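Notes to accompany the following structure.
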Amino acid sequence: MVFLQGIFVGANKELNSTSYSTETGLLVYGAGRTLAVWNPTDASNRILGTLKGHTAEVTCVRWLNSKTLLSGSEDHTVKVWSYNPDEEADDIIQRFKLTKELNQHTGSLITLETLPGIFATGAADGQICLFSGLELAGKFTVNANFYPLALSLLKLNDGYILFVGGTNKKLYVYSFGLENDEIINLEQKYALEGHEDWIKTITVKQESEGEYLIATGSQDRHIRLWKLNLDDKIDDSDKDTTKLRLLSNKQYKFEVGSTRCSISFDTILMGHEDWISTLVWHPTQLTLLSSSADTSVIIWEPDTISGVWVARTRLGELSIKGASTATGASGGFWSAQWIFGAGSQFILTHGKTGSWRLWKSSESTDSFEQLAAVTGATRAVTDLSWSQNGEYLLTTSLDQTTRLFAQSTTGKQWHEFARPQIHGYDMVSVASMHGAKFVSAGDEKIIRVFEEPKSVALMLERLCDVHESNVEVMPQSASLPVLGLSNKAETDESQMETNGDDDEENGPADENGQSFDILNEVTAVPLEDHLQRHTLWPEVEKLYGHGYEITTLAVSPDQKLVASACRSNSVAHSVIRIFQTSNWQPLAPLNAGHELTITRLKFSPDSKYLLSVSRDRQLSVWVREEGLEFRLLKLQKKAHTRILWDCAWLPQTVTKTKFFTASRDKTVKLWKIIDSDLEIVSSVKLADSVTAIAVLDRDDDGKVILAAGLDNGSISIFRVDPETGDFSLQEELINSITPALRVSRLSFRPSINGTLIELAAASDDTTTRIYSVETN
């Protein structure tokens, strides 16, 4: 059996891609092309799984009711998911079923709004579609070159009002009826002016019988409140021509069926310094929550005496103009949720990094405590590497981060405990080393070497029982200059200098040298504020030599060498560069004759051999001579019929001369070194291109445990007889726990105890997953 222990994935940078259901207690958010499911009020603080169905990024999500979930995507479709909480299943994801696909749009979905039994969608094709039940009831466009960004529905006695905001300054008011599941009498009543930029969010609150407040948020940084009155709540004094009327208080009157309506501007709320992203009304009180691209959340309420709306509570951060996430900025808040239950209230937001922020307080107070929330990458995860003793996992992603995941001592849950590198280039490769170091490479020609700071080491020791032997000689912490790419080490001396010199070049990330003190006070899973500001690792070395962007890295098991390769379309650049870790000096480059990019490098467990596989369908094996010199043992032409993506050596408890290769031709081959030649022992055919493989570092009753990840996200585990080469399928992971896209890397956790087998998987679907595997 295989169980999902942990999954990490960030939220999409979309305004409408999150939705919470009070009945189910589940928050669903867009995560790449999948939907991540999370219970934010559960103390375990873990993502429960992901829903697969869309073929492009998810842009909007809404619960229609407690048993129906809707999601829209850049693939132009709306997916309908049924949820059965009573269904017996191994995991909660199996209780969701994709039941229907709606294809009424020809552009990316932008916004989605629901009422019981009816919902509306807006897309980049300019169309607004109205659905009754799950069937199209009508569609229309506001006008040419207008794209709907925000919708809000209101049910009246015998009709509906639809508010539309988008790519101009106007708030559009529509009315319509519903008869036999068809839209009737659809009419634009007014186009209300007031905002000075695009309207991004709309929400409606019923004050009392016949009285409503409509809140609209715009890119002009302001929130406008509009009053909607019905029937006898309408002020008809404007009919008296002798009275002076203000233009701003003009009532716009119309009818919806037999209901008289009047809408007028009420007030404007100013307090944010950037675009308004989300507005949420309190379910029972006249209180409004707003989130903004200025990285703040404000709770507004009218003063009890004057009635003037004031900011009661402000959460988040001060906006830092021009700062990156590594120097203290979150990139703004993209959406917000306000959750109530069991006497507590929770405010949730997510920003540019994809990570969630979570604040909690009792419903009777506004004293909020920030708690840890789920985190993860927002773009494809490209590589992963366990620490040498398996105590933590490093991952790299195209979202320009290197992240560290570890298991907390309380609850044994996996969490992100550090973000060692926040870079200016997309990250493509990482390899851990002894002594709490690692090497990484982004989409650039430089390899960077990092060393763990004392602040992170002591935190991991307290919270994860991870012990390092060289803590005393570690630098205190690290910071990233505002205009730099290299993390600077911070020592006691440098902190004193920083405290004495308020030089802007140091940037806000260092917080005047306080990172060590701040992390020293962390007693639980670190917050997003800690991760993005205070857990950087100092860069200790740069390695040069490649002419193009790095594609793969490998560290020899004896820790003496680092090997690397780069993009190439010629023999001249298809070289392997070797660096000594003792002084970081390069050795003579190795050129076996590859003609295209080397996709993977792997040292044998005894560090004697170096294996390379390439896009040119060739593999090469180098043997290490006396000292640090290498000799080409064999260049195997046409090793596969398509690109070779990955390779892995068998554990040396079984043999020292056999290895696997994986290819786009859908096969995994077992090879054996015989003197100066290579021989295929056996091969196995899989259902799709094999993009990643991993081998357990120990044998299982004489058999080798092999994991294979495919281009479609499937993962299979085999038991392989190292002598006969017989592949026996041990387990094919169920669809609900596998990635939705290409598996980019697999790696078994180095043995910590003799029974538990753990497998980490990185995927193009932006997820990092950790599985526990039970073998027969």
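Note that Cβ sites are derived from N, Cα and C of the backbone, with glycine treated the same way.
Quick look at what TrEMBL annotates:
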REPEAT    51-91  repeat 'WD'
REPEAT    192-236  repeat 'WD'
REPEAT    269-301  repeat 'WD'
REGION    489-514  region 'Disordered'
COMPBIAS  492-508  compositional bias 'Acidic residues'
REPEAT    591-622  repeat 'WD'
Same-chain residues at least 6 beyond the ends of the repeat 'WD' (192-236) whose Cβ lies under 8 Å from its Cβ atoms: 15, 149-152, 154, 156, 161, 163-173, 251-253, 259-270, 272-281, 286, 288, 290, 292, 300, 309
Distant-in-sequence neighbours of the repeat 'WD' (269-301), which means Cβ under 8 A and at least six residues beyond its ends: 15, 200-205, 207, 213, 215-219, 221-225, 309-319, 329-338, 340, 347, 349, 351, 359, 366
Outside the repeat 'WD' (51-91), six or more residues from its ends: residues with CB under 8 Å to it: 4, 12, 14, 16-21, 23-24, 28-35, 37, 97-114, 116, 119, 121, 123, 134, 713, 734-737, 740
For the repeat 'WD' (269-301), the number of residues DSSP places in helix, strand and coil: 0 helix, 19 strand, 14 coil
